[in-house]
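J.: Input: one structure, supplied below.
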There are 2 protein chains.
Amino acid sequence: MESTDIILDLFLVLIAAKVAGEAFERLRQPAVLGEIIAGIILGPFLLGLLTDTDVLGALAEVGVIFLLFTVGLHTRVSDMVRVGGSAVAVGILGALVPLALGWGIMAALGRATLESVFVGTAMMATSVGITARVLADLGVLNREASRVIIGAAVIDDIVGLTALAILSGIAAGRLSYLSIAITAVESVAFIAFAIFIARRAADRFSALTEKVWRRNPGFIGPILVCLGLSVLAEYIGLAAIIGAFLAGMVFAESDRRARLDRAIEPLYDLFVPFFFVMIGVRVAPGAVNASILVLALVITVAAILSKLFACRFAAWGLARREAWIVGVGMSPRGEVGLIVAAIGLTRGVIGHDLYAIVVLMSLLTTFFAPPVLRRLIRPRVPAAAEQVAAASEADEHAPPC
Amino acid sequence: MESTDIILDLFLVLIAAKVAGEAFERLRQPAVLGEIIAGIILGPFLLGLLTDTDVLGALAEVGVIFLLFTVGLHTRVSDMVRVGGSAVAVGILGALVPLALGWGIMAALGRATLESVFVGTAMMATSVGITARVLADLGVLNREASRVIIGAAVIDDIVGLTALAILSGIAAGRLSYLSIAITAVESVAFIAFAIFIARRAADRFSALTEKVWRRNPGFIGPILVCLGLSVLAEYIGLAAIIGAFLAGMVFAESDRRARLDRAIEPLYDLFVPFFFVMIGVRVAPGAVNASILVLALVITVAAILSKLFACRFAAWGLARREAWIVGVGMSPRGEVGLIVAAIGLTRGVIGHDLYAIVVLMSLLTTFFAPPVLRRLIRPRVPAAAEQVAAASEADEHAPPC
């Protein structure tokens, strides 16, 4: 009622996301790419109809929280334990090889050590959001490769965020081994708490909230757990999305999962597109020249190849196609790369040239993965079979009512 | 991922709203009062944990949009036509009598005409949000009195917003009869469009979106209609919530209503509390002294009595209890009064003293109505019967699955 902006923005983002997403699906491309492109078109880069406001940023954050919560809901601890070895290997190798390669390339070009390490750090990250969305849209979140990717991406995030914390500490001139050790211990304790303790308490907690809150049984309680663990994750220095993901896992084996899944669906449909549209909106115009573009392409190719082969190799225990799916699925840097870039710029670790390079690398790796992933997971089939597949996929998404 | 604030704010607002709302329900008070009080406690008035940020304001606006959309979903055009005469009488008389009384009191106290008219204008409004929420929580949105209240509140809003537009024009020194006439014609055309044309097209539109969007059948289409009509309403000078309400009415008689109702429920549960918590958060500390308090109480009593008797009288066609329900249900000024106050202050029509008075009047009328309404609709009954009623109410809210 106060300003027309927020409702108009909601309308624009939703209609653009849904139209572009649907168009991309019809072209057999992932809907998420359509949403990012819709953001680039509507944003300051082209039309200037949307800008990166606090409100849209907040809705994007709510979107990614619901996305990771949904991913967590489809991730059983028992399945994670089964792929645990592969996930740890993929996560660690998939973080260290890109770090080394990025650092090496920049050092070879004569850049300062701090800058070089920073570019390497940005290349460590994995945007689990992008890949998880593609996997969810294809209805294969329960596939072995999907579980390895998501488990590895969580480990990756922890390694990457720890590296970022260290770098920020160096940049700020303050750093103690003690504070690094504390962050690491807190992270492990938090994950262990969510997986081993919170999970056991989940059904009891749900039963309690259902008794206390007569309305919305089985919905508000889990949402509060999701937000609470997200806040806790940020508090101890992890990303909020890790908390949301673990909260989803807490309820993955609960009796209430089906009902919770159904309640989360409208929230997912409404808010997740904001996250992807805003990735597009944040692409700023200008500040890119030929030499930066060349270096960005080199770094992008290095980022893709290092992740692809390191992860494919680390996933040697899986079938061949699954191992390649893991390699491709781990390669998009997406919003994680963009966040690292923003932190580097604001803290003065990198200049505008390296910022543009890291941003371009994040976007290009993000555009590379989804179509390849889709082709690997669902090879081109005759039109009739595709329709059957689409129909059965629709069934998977229909509320089990 | 960027800042901990938004997720923390979401968590705080939700947990406070749900705890306070539940506590009030157990005390047989409406949950919505608990939510407003939770906002006052968490806001700058007491603890200062929440402030009136852009982001929380936006979430509150999203909440009130979903609230009015839900109310519209339960409002059939045929029912509205049946209560049309009463609603028009209640709406117009319920706007003019408080206007005259407020204007008269302030003029008698020697205030300038513009100021006096302004206080009267703030007293015209009806916060359909508050009453609709109480009616929805009691599961009586389909009762005759409820339909009269909601219809009258819409008419009231149109009359009140037109008055506000005129006043703002006078305050800004620009006003033409032509522009007033255009606004009035646009309003009527908009409502007629929504009710007579959009409604007929609703099922065809839903079928189309279901064909185009393979996912979320019957959900994204109506949400876009809701946001689109809200934007359109603001564009022609009405409140966005009128558009959302009409959008709900568009789908009230659709085959898809049950499914839409089910999809809207999590959005309602998650976002509507933001609107009411933020009413509380916006209560600022300080700036109230004894003489202002006395005048505020006088104005509040005048606001309640004028609305109560004018509307009760205008609803003479209804049964006695129903007519009183209409009178009480029309009396809360809620956010509409607060918005009028904010506009008056920022445009320099009123000073801080009258602002405080209008704000207090809005809040006190808002606290008055819900408990009285609840008592009128659900007279105190023996505990056993109350439990049966609560159980049947729970059934009404359960998804028809």
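Using N, Cα and C of the backbone, Cβ positions are placed for all residues, glycine too.
This is the feature table in TrEMBL:
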type	residues	note
TRANSMEM	B:6-24	transmembrane segment
DOMAIN	B:21-376	domain 'Cation/H+ exchanger transmembrane'
TRANSMEM	B:31-50	transmembrane segment
TRANSMEM	B:56-75	transmembrane segment
TRANSMEM	B:87-110	transmembrane segment
TRANSMEM	B:116-136	transmembrane segment
TRANSMEM	B:148-171	transmembrane segment
TRANSMEM	B:177-198	transmembrane segment
TRANSMEM	B:219-247	transmembrane segment
TRANSMEM	B:292-315	transmembrane segment
TRANSMEM	B:354-373	transmembrane segment
J.: Could you tell me what the rest of the chain brings near the transmembrane segment (B:56-75), counting residues at least six beyond its ends with Cβ under 8 Å?
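T.: Answer is 9-10, 13, 50, 128-129, 132-133, 136, 141-142, 147, 150, 226-227, 230, 240-242, 244-252, 257, 260-261, 264, 267-268, 271-278, 281, 335.
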J.: For the transmembrane segment (B:31-50) and the transmembrane segment (B:6-24), decide whether they are in contact, meaning at least 3 CB pairs lie under 8 A, counting pairs 6 or more apart in sequence.
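T.: Result for the transmembrane segment (B:31-50) with the transmembrane segment (B:6-24) is yes.
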J.: Given a Cβ distance threshold of under 8 angstroms, which distant residues of the chain, six or more beyond its ends, lie next to the transmembrane segment (B:87-110)?
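T.: That would be 80, 116-117, 119-124, 126, 147-156, 159-160, 163, 295, 298-299, 302-303, 306-307, 309-311, 313-315, 326, 330.
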J.: So if I exclude everything within five residues of the ends of the transmembrane segment (B:6-24), which remaining residues of that chain have a CB under 8 angstroms from its CBs? That is, six or more out.
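T.: Tertiary neighbours of the transmembrane segment (B:6-24) are 30-35, 37-39, 41-42, 49-50, 53, 55-56, 59, 270, 273-274, 276-277.
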